[in-house]
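Below you'll find the structure, written out as structure tokens, and then a few comments.
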């Protein structure tokens, strides 16, 4: 029999409100709406299907305050992560958000109304306190803290929700079990004990050995329950990961394991997140939950120190084990013993026994370079999936982003680099000069700081898509502001390499060699907002390469860029 849900009752709002669906649908069509972000959609899905039981909506101020300070909802139930609906002042005013108001919650992807929230309250959180209490630090090297300060809006809206419809998914539909569906599935299979395994990474032989070992020790079955909502920036995409999990499943003894996907937006909150994960798995019917070393940790802070200790998460869940009602299965890192061809937890291996390990960094290197990945580490069918999604370095896309004053020589360098890379062959090459983008993509934009930032954001989006497709993107806007250049880097680096080339030709040289006379017009006041004349240029502090066409020619500058690309393995021939 499945584990009772957290709080005693599974808050399956989809099932609860099904008899009123048409009535709620008709009402929502007439209501003002809040369009939900990706994180809010993930949160709403787990509110609606009962994954976040005992929640029945987004937290009001009383619940939020209790969770932040004490891991407690207002009714005393344990809950460790704030589940909040953040909105801007503009949205509050436009939509008419106020206590007692009924607001539709709309899916940004297909414009469908998913639920109606009855507003309990609107409050302004202390985000510094939230960061320190929930995540243990206000350091923006933590992705959740960065999100809190730079993405989450300034006000939170609390209130219960009524379900109109479930979110629509088009990928792996057969693996997307709600808590109620998964409980029924366990019951159908006759499973009494279920060990849940949380992951946001591909699984290899060590993970299989770990989960089988946990099942054997508890005489239980295994739920592989990976997160396919939002994970840590830079993680492998969920499409690749799910194909890996599917490839791995036949390696389990028949009838031992089930794969189900969890649409969770992770916060990488370490100890607090581990408690939250345990609650979610309890709601899905699991009786046991594996908590590993540095569970849901975000890595290192801005000082190079881990945000959390390696076993802080295990300690946090153990502290609340009786109240959680789910047995924690702590585990050490598994290591391979070549002499006996087996995996064991590191704490069970004598110091004189030979062991082998491959780190995540080493695995990524081997995928990038095409080096062998041994069968003792991962199964051939898993490696095949990973290689399909991670081609060798010389088949990956990249972006070269040239920035500098008007007439600094960046356009000439970009054109010459375009010719050079096309001659090299092996991938398609796209050239996006500043003036081309202005005429084709950003013709309605002016030269205010806001419009310049929008222009760079559009360039970054196009470059990222080209990079993702394995192409070389060469872009050459003026891009005078550090913040927009950094945002461009972050956008592109989700999919491939980004190289910032500062064409540091001095302003006086660019102006002196200007044959088109644009600097003269700017000096005469005929052109306003001209970079270097009446608008600033913030020189890059983190350029990957600096060239100066007042001291070197275009051919030499291009050769320097080619050497940079070659040093990263991007131009190496197969």
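Note: Cβ is positioned from N, Cα and C throughout, glycine not excepted.
Source: prediction; values computed, not measured.
Residue 199 (active site) has a Cβ environment of 18 other Cβ atoms inside 10 Å. Sequence annotations record features per position, and here Swiss-Prot assigns active site to 199 (among others) based on sequence analysis.
Using a 10 Å Cβ-Cβ cutoff, residue 200 (active site) registers 20 neighbours. Per Swiss-Prot, active site is recorded for 200 (among others), and the stated evidence type is sequence analysis.
Annotation comment: Swiss-Prot describes 201 (among others) as active site, evidence class sequence analysis. Sequence-distant neighbours of residue 201 (active site) (same chain, 6+ residues apart, CB-CB distance under 8 A): 235, 236, 241, 360.
According to DSSP, residue 200 (active site) sits in a coil region rather than a helix or strand. Annotation source Swiss-Prot lists sulfate binding site at 198, 200, 296.
Among the features that Swiss-Prot reports, ATP binding site is placed at 198, 199, 200, 201, 292, 293, 294, 295, 334, with the record citing sequence analysis. Taking the Cβ of residue 294 (ATP binding site) as centre and 10 Å as the limit, one finds 18 other Cβ atoms among all the protein chains shown. The secondary structure of residue 294 (ATP binding site), as reduced to three states from DSSP, is coil rather than helix or strand.
For residue 516 (3'-phosphoadenylyl sulfate binding site), applying a Cβ distance below 8 Å and a minimum sequence separation of six or more within one chain yields 407. DSSP assigns residue 516 (3'-phosphoadenylyl sulfate binding site) to coil, not to a helix or a strand. For 435, 436, 437, 438, 452, 478, 479, 516, the entry in Swiss-Prot reads 3'-phosphoadenylyl sulfate binding site, with the evidence type sequence analysis.
Positions annotated as region 'N-terminal' by Swiss-Prot: 1-170.
Per-residue pLDDT, averaged over the region 'Catalytic' (171-395), rounds to 94. Residues annotated as region 'Catalytic' in Swiss-Prot: 171-395.
The region 'Allosteric regulation domain' annotation in Swiss-Prot covers 396-574.
The site 'Transition state stabilizer' annotation in Swiss-Prot covers 204 (among others) and rests on sequence analysis. Sequence-distant contacts of residue 204 (site 'Transition state stabilizer'), defined as residues of its own chain at least six apart whose C-beta falls under 8 angstroms from its C-beta, comprise 377, 378, 379, 382.
Residues or ranges marked as site 'Transition state stabilizer' in Swiss-Prot (evidence: sequence analysis): 207 (among others). Mapped onto three states, the DSSP output places residue 207 (site 'Transition state stabilizer') in helix.
The site 'Induces change in substrate recognition on ATP binding' feature in Swiss-Prot is assigned to 331; the stated evidence is sequence analysis. In sequence order, 210, 214, 290, 291, 292, 293, 345 are the residues of the chain that are 6 or more apart from residue 331 (site 'Induces change in substrate recognition on ATP binding') and have a CB within less than 8 Å of its CB. Classification of residue 331 (site 'Induces change in substrate recognition on ATP binding') by DSSP places it in coil, neither helical nor stranded.
Looking only at Cα atoms, residue 478 (3'-phosphoadenylyl sulfate binding site) sits nearest to 296 among the recorded positions 198, 199, 207, 296, 334. Here the Cα atom of residue 334 (ATP binding site) is found 54 Å from that of residue 436 (3'-phosphoadenylyl sulfate binding site). Less than 8 angstroms from the CB of residue 296 (sulfate binding site) sit 198, 266, 267, 268, 269, 270, 273, 274, 277, 313, each of them six or more residues away in the same chain. Nearest to residue 438 (3'-phosphoadenylyl sulfate binding site) in space, judged by Cα atoms and limited to the recorded positions 200, 207, 294, is 200. According to DSSP, residue 478 (3'-phosphoadenylyl sulfate binding site) sits in a coil region rather than a helix or strand. For residue 435 (3'-phosphoadenylyl sulfate binding site), the nearest of the recorded positions by C-alpha distance turns out to be 200; the candidates were 199, 200, 207, 294. Residue 452 (3'-phosphoadenylyl sulfate binding site) has a Cβ environment of 22 other Cβ atoms inside 10 Å. For residue 478 (3'-phosphoadenylyl sulfate binding site), the Cβ neighbour count at a 10 Å cut-off comes to 23, with all displayed protein chains included.
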